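Here the structure comes first, spelled out in structure tokens, and everything after it is commentary.
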Amino acid sequence: MMLRWSGIWGLSPPRIFPSLLVVVALVGLLPVLRSHGLQPSPTANTIRGAEPPRERSIGDVTTAPSEPVHHPDDRNLTNLHIEHGAKTLRKAFPVLDIDYLHVRTPFEISLWILLACLMKIGFHVIPTISSIVPESCLLIVVGLLVGGLIKGVGETPPFLQSDVFFLFLLPPIILDAGYFLPLRQFTENLGTILIFAVVGTLWNAFFLGGLLYAVCLVGGEQINNIGLLDTLLFGSIISAVDPVAVVAVFEEIHINELLHILVFGESLLNDAVTVVLYHLFEEFANYDSIGISDIFLGFLSFFVVALGGVFVGVVYGVIAAFTSRFTSHIRVIEPLFVFLYSYMAYLSAELFHLSGIMALIASGVVMRPYVEANISHKSHTTIKYFLKMWSSVSETLIFIFLGVSTVAGSHQWNWTFVISTLLFCLIARVLGVLVLTWFINKFRIVKLTPKDQFIIAYGGLRGAIAFSLGYLMDKKHFPMCDLFLTAIITVIFFTVFVQGMTIRPLVDLLAVKKKQETKRSINEEIHTQFLDHLLTGIEDICGHYGHHHWKDKLNRFNKKYVKKCLIAGERSKEPQLIAFYHKMEMKQAIELVESGGMGKIPSAVSTVSMQNIHPKSMASERILPALSKDKEEEIRKILRSNLQKTRQRLRSYNRHTLVADPYEEAWNQMLLRRQKARQLEQKMSNYLTVPAHKLDSPTMSRARIGSDPLAYEPKADLPVITIDPASPQSPESVDLVNEELKAKVLGVNRDPTRLTRGEEDEDEDEDGVIMMRRKEPSSPGTDVFTPAPMYSPSSQRIQRCLSDPGPHPEPGEGEPFIPKGE
């Protein structure tokens, strides 16, 4: 039976071992919790709930309850004295003791993290499940099972508190997204992202709030008392796309970069709109009447929240970059500054009710180029993997606690309100994407196709941010908050399970372009930067200031001022690819000397000596070792930063101040003549003849010979070579009629007086061009193809250097082709 079950599911005992281990650990922990009377309170400020009041005495390492309870057989009483006459008996020292309250908090946190990690391992070792169901769905199911198990044994399941989510679980995910944000794709599509994030979120919030208010008016007695302000607050919570859910789903389907950055960028930037609307409607709930000034201040607060969060992030990013200048002697603490300054930016933004997500993104984007230029490669690797690990664990815990909190929370169900909420969310998303895309495509060069619009609309997933904001609602001002929370959980489960599970087959069905898995080559990087500089120059010439122009201005300012302040030492200057090459060569030479292989290399490098070192039998192996990923990444960084400075070495110009150099034309003509002479000498040395070439005449095409042979009139001051076309019997035969020129070209001059080249030859070869003319027949009856009697065809057979004579004529064709001049 076990073999049949394993064969059906494709599982083996090693694969199910992590899951069984987690189940055994949970089942074993529950009796311990029950025996010690640990009842986590759902109203606690932490995940596990509030602890009983405890007091700590001065100088003590451990804590003790304020009111200790004494038991008759308590083993912790080590100073128990039993007097029996004059003799005092003392109880033995306890070898083993249990104090769970002392380690309760870190133990439970570690257990939940261990559960999250083991669940991720278990999902990925079972490909039949992970290929069909997204990881986020499986984690929510695990949370539901764990919550039901805890509730089944009589315990209170832990609840995902909003403070824990916003202060501890959300920042690692946003920092990872902001620090490794693909900046090029993000900036190129920033306008589209802002329209979807701002206008789209506002449309969803007010459209959903207005329709739900109309439903509440006619929905029955249970929801008749829900006002317009309540539905608008609920609409602002449920309308925002969640970045955690988007990251979890879109990274598994490997969608192309454009769609990924549009949906993910929208989920990041709509936080400012969500925060403003939430606090705005929450404040309006305390007012008796709302005036025009209140609405205007609420509109102004949007810019304050968004731009204030960006400003806080930029300030902390600059401070982090400046601090990294002085960490060259203490490399161990370099990664710590990145985490601390980013987290301080988030907390500072939340302190003033600004957008903490915008602050984290801004700090990560600003600090990354300068910090990576200052820190070591090992520190960069540490930052990369720690952020990935931290964000992955936080994301896993969030989805698990969504399932646990669903079991632990109090719910209120109303079919009309919940189904209307789900239906209106889908309608608002589809209408918003269609209308906004129609407007955006009027200004985009790369249009968004109907397939792209469908993926954008279908990828609007909701997640833990909406759940946490719904949990923060005050029951005093919003008495139907339990109904709102139930509707939020329903929408989250529908988007994560239904849309998240079906988006992968839909992407395959629609043949949507996938993400390029391999990195771009260095050649592609060079050509991309080349096109950027080309477009910048075109914008300058045309007088049109697009984003390439402002990007170039920002790069110039960055190089002139910012880099000198934030990057230490010589690294603040322009990095050179040649310097990196010398560094790499020096490292290889040192390794070669240390390995003792220097004596095998001869002092004089030649082709023969290199062949002796590397025999022909090893020709298939590469002489030079392949570049490692680290070196290739460093070359990419050098090229990115170095190619941005190419235009700065040129003098400034525009279309109105073009000054011609008087010596430039003469210099170019001289260089051109030298180049022509060099090419002519090379052809003479290779083919022992002169290519018949006339620049002023049109190119001879492969036309068939008619009654009259084709001829071109040469210049009077140029020598003439008359050429007989090749006969069908000897297609390689060429008749050079001018014998003196032939001897001059071949270096076989029969006249001793013409051995030296005189002024007449220099005049003839002034331009380094030899003119060509076809031989005219002496009489109408003379055959054009008959060679002169004084020259035999075999003596005139030379290598074909003039042109390709073309294919042999077909059997039915008696007319050969005219050779085309090179």
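Cβ from N, Cα, C; glycine included.
Swiss-Prot assigns Gly220 and Ser328 to topological domains with different names, so the membrane separates them in that record.
Look at Phe165 (site 'Channel pore-lining'): DSSP puts it in a helix. Here Phe165 (site 'Channel pore-lining') comes close to Ile398, Ala464, Ser468: these same-chain residues lie at least six apart in sequence, with C-beta atoms under 8 angstroms from its C-beta. With DSSP classes pooled into helix, strand and coil, the tally for the topological domain 'Extracellular' (220-226) is 0 helix, 0 strand, 7 coil.
Taken residue by residue, the topological domain 'Cytoplasmic' (327-332) breaks down under DSSP into 2 helix, 0 strand, 4 coil. Mean model confidence of the topological domain 'Extracellular' (153-162) amounts to 86 (pLDDT, 0 to 100 scale). Taking DSSP states H, G and I as helix and E and B as strand, the topological domain 'Cytoplasmic' (126-134) has 4 helix, 0 strand, 5 coil. The list of residues near the transmembrane segment (227-253) in space but at least 6 beyond its ends in sequence, with Cβ under 8 angstroms from a Cβ of it, reads 134-136, 170, 173-174, 177, 201, 204-210, 212-213, 216, 260, 263-264, 266-268, 270-271, 273-274, 277-278, 281-282, 284-285, 357, 395, 398-399, 421, 425, 428, 459-466, 469-470, 473, 478, 480, 484, 487-488, 491-492, 495-496, 500, 503-504, 507.
No contact links the transmembrane segment (135-152) to the transmembrane segment (191-219), because fewer than 3 Cβ pairs that are 6 or more residues apart lie under 8 A.
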